[in-house]
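According to TrEMBL, the features are:
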- 109-220: domain 'Phosphatidic acid phosphatase type 2/haloperoxidase' (DOMAIN)
- 229-252: region 'Disordered' (REGION)
- 21-44: transmembrane segment (TRANSMEM)
- 71-99: transmembrane segment (TRANSMEM)
- 106-127: transmembrane segment (TRANSMEM)
- 147-167: transmembrane segment (TRANSMEM)
- 176-199: transmembrane segment (TRANSMEM)
- 205-225: transmembrane segment (TRANSMEM)
Amino acid sequence: MLFALIARLRPAPLLRASQEVLFCWAGALLVAGDAVFWLMFAAIQSDSGLAAMDGPVHSLMVDSRNPAATVLLAALATVTSPEVLGVISAVFALAWALWKRELWRPAILMGSMVLAVVLTTLIKQLVSRSRPPADDFLLGPDDALSFPSGHTVGIGVFTLVLAYLVVSRSGTRTTAVLGFSAACAVTALVGVCRLYLGYHWLTDVVASFGVALAVAAVAVFTDAARHGSAKNRSKTPGKQGPADSSARNAEP
């Protein structure tokens, strides 16, 4: 029983990319995410750069509202709220673990979601940026801070990490590009949703994408490091035991 549990914690094999390549991708994602975040932070601190577009974009979104879009985007905001998305992620990870009989990838997904919540909460408190005028809120009052957008960070982390965990095991270069593009598109849609509903500035949403990229980088690095460690153990002469044999049978 113990050996079976340990085996399920072992990662599934990385079929398409070497550990070194994944480390490079993790580094690239981290650099890109940090650059986006800090550029937005500098912009709001100096009230320059993209921050100059915060007011005009907010006004454009408010002026562009219509009943059909409001219904659709209100529903999207509800589904991608940190509370609801957290429940969805937990249920999804549990179903994945039971279906695939593994714990590693579901654990990576849930760990990434927890890290996203912690980082978002910490940054909000440190930056302490106010939201747009409350009169423009479409779904009622919200006294939480504005920078970054919890909705955008959450859905960005969920889709980016999920795309990586699926494509890294069974995908091709084409599916990797499509998966990453789809994750970015969904994240952008949720960001636009938050702008439309009046709860965030443009720079909040763009910075949120940077945070999501950074968290995804941590997920990729952790997964690649774990895979390399497991691979090295399996190659060590005289170190193979029941857990190693069970692990090979358990990996999808």
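Cβ atoms are placed via backbone N, Cα and C, with glycine included.
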Q: Answer yes if the transmembrane segment (176-199) and the transmembrane segment (106-127) have at least three CB pairs under 8 Å among residue pairs 6 or more apart in sequence, and no otherwise.
A: no
Q | Residues in the domain 'Phosphatidic acid phosphatase type 2/haloperoxidase' (109-220) grouped by DSSP into helix, strand and remaining coil | A | 86 helix, 0 strand, 26 coil
Q) What mean pLDDT score does the domain 'Phosphatidic acid phosphatase type 2/haloperoxidase' (109-220) have in the model? A) 94
